[in-house]
Amino acid sequence: MDHFAYRDRTLLCEDVPVPELAEKYGTPLYVYSEAALLARLTEVQTAFKAADPIIAYSVKSNGNLSICRLMAQHGSGFDVTSGGELHRALTAGGSGKKIVYAGVGKSDAEMRDGLAKGVFLFNVESEAELHALGAVAQSLGVKAPVALRVNPDLPPKTHAKTDTSVKGVKFGLDIETVVDVARSVVGHPGLAIVGVHMHLGSPILSAEPYRQGAAKAVQLVKAFREMGHDIRFLNMGGGFGISYRKQEALPAAAFAEVILPAVKETGCQLVLEPGRFIVGNSGILVSRVVFTKETGGKRYVIQDAAMNDLIRPTLYDSFHRVWPVTPAADVPTWPEDCEAAIPNTQPVDVVGPVCESGDFLAKGRHLPALSRGDLLATFSAGAYGMAMASNYNSRLRAAEVLVTGRTHRLIRRRETFADLTACEDDCLR
Ligand SMILES: Cc1ncc(COP(=O)(O)O)c(C=O)c1O
């Protein structure tokens, strides 16, 4: 979290003290660092430079328009998985020439829209989808550019809810049958099979699954070409992990080392779909302590961010560092091991106001004594944070702020009660 650092015992995002942001914009508040976002995008672009890749930022990880615009302005394309995400990518300034359309359940309308907007690659995940896309393209008098998404049957071991390349998940075409599927559409008037796609899961902390996946992809590229398909794209998806706890993640260069040789062997253009790697550690969630309480022998810190703001802990058992924005002098500002029993701390559950026992940001975490009004930072919250936020319990979704050096600006205003009922007001009788 290079661009989030403590100075004089106060957390800063770039050069802006986080308490100043909380004061101005209120809490809960997502705070992003522009420098961090660009540094991570540049890291991927540099690591894979030799392959002249299309880096398609994965909109699902954080679709904020201003973040997407920043990506587009700095050379990124987009990986979208719905009509809504395509709308975001285009509104932010993206071009179909750098947009890849993923998803197991694209509707005809979404296919039509993607074709009309000139999406350069559709990742196709089933035979049924392939034929539906072919028919839609034919009806428009065009050929849909397709990468067949293969499930390579590799276990990167992320989490049961985020493993996408183990046998039996809903994603992709089975590696045993994908060659037959490719053969069955040779010469199809509505389909141009131009690529191979795989997305191995997320977050992945080892390069080995990519090495194995890329080797399988090379074989498929060869097989598809032998049957006459003009394969030009090798899409290795996203999934590069980030450090949530210590320094457990790999640099982009480690993934490049195992992917680039495969790209070279095939002569394909590389496509990557990173999301978390770019935005995950570029954002934090700032919240304010509402109450503390002890019950059943446990201590609770109740603060104003909840599972509707950041669902990852309860959905995936995910770990996020949580630490005071202005820690007292008797605790470290950045404990090396944030899971350890740090001196002058006590174990607490950090929970939110939502009416669910599963509403927590951290459990059994060693934190210093906290009081009503204290600010907390939940780190590594940039990816799959706001993107998965909801209005559950009719809570208003948080505001988002982008920091650039000493300046900051709102990139999504806090919702209002009017926003909450906007889609229902006209239906009220
Ligand atoms: C097909 C596909 N591509 C890319 C991504 C982005 O993954 P990550 O944010 O881990 O890079 C996902 C995430 O689910 C995905 O399903």
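Just so it is clear, glycine is given a Cβ too, placed from its N, Cα and C backbone atoms.
As the structure is a computational prediction, the values presented were derived from the model and not from experiment.
The active site, proton donor annotation in TrEMBL covers Cys355. Within the same chain, the residues at least 6 positions away from Cys355 (active site, proton donor) whose Cβ sits under 8 Å from its Cβ are Asn393, listed in sequence order.
Look at TrEMBL and you will find Gly239, Glu273, Pro274, Gly275, Arg276, Tyr384 tagged as pyridoxal 5'-phosphate binding site. According to its DSSP assignment, Glu273 (pyridoxal 5'-phosphate binding site) is coil.
Annotation source TrEMBL lists domain 'Orn/DAP/Arg decarboxylase 2 N-terminal' at 38-280.
Under the DSSP three-state reduction, Lys60 (N6-(pyridoxal phosphate)lysine) is assigned to helix. Among the features that TrEMBL reports, N6-(pyridoxal phosphate)lysine is placed at Lys60.
Checking the recorded positions Gly275, Cys355, Tyr384 against ligand 1, the ones with a C-beta less than 6 Å from an atom of that molecule are Gly275.
Around Glu273 (pyridoxal 5'-phosphate binding site), the C-beta neighbours below 8 angstroms that are at least 6 residues distant in the chain are Ala56, Tyr57, Ser58, Asp79, Val100, Ala102, His199, Asn235, Gly237, Gly238. Every protein chain shown contributes to the tally, and the Cβ of Tyr384 (pyridoxal 5'-phosphate binding site) ends up with 24 other Cβ atoms within 10 Å. The pyridoxal 5'-phosphate site is set by Gly239, Glu273, Pro274, Gly275, Arg276, Tyr384; from the centre of their CB atoms, other residues of the chain with a CB within 8 Å are Ser58, Lys60, Ser61, Ser202, Pro203, Gly238, Phe240, Phe277, Ile278, Gly280, Ala383. Taking the C-alpha positions, the distance from Gly239 (pyridoxal 5'-phosphate binding site) to Lys60 (N6-(pyridoxal phosphate)lysine) comes to 12 Å.
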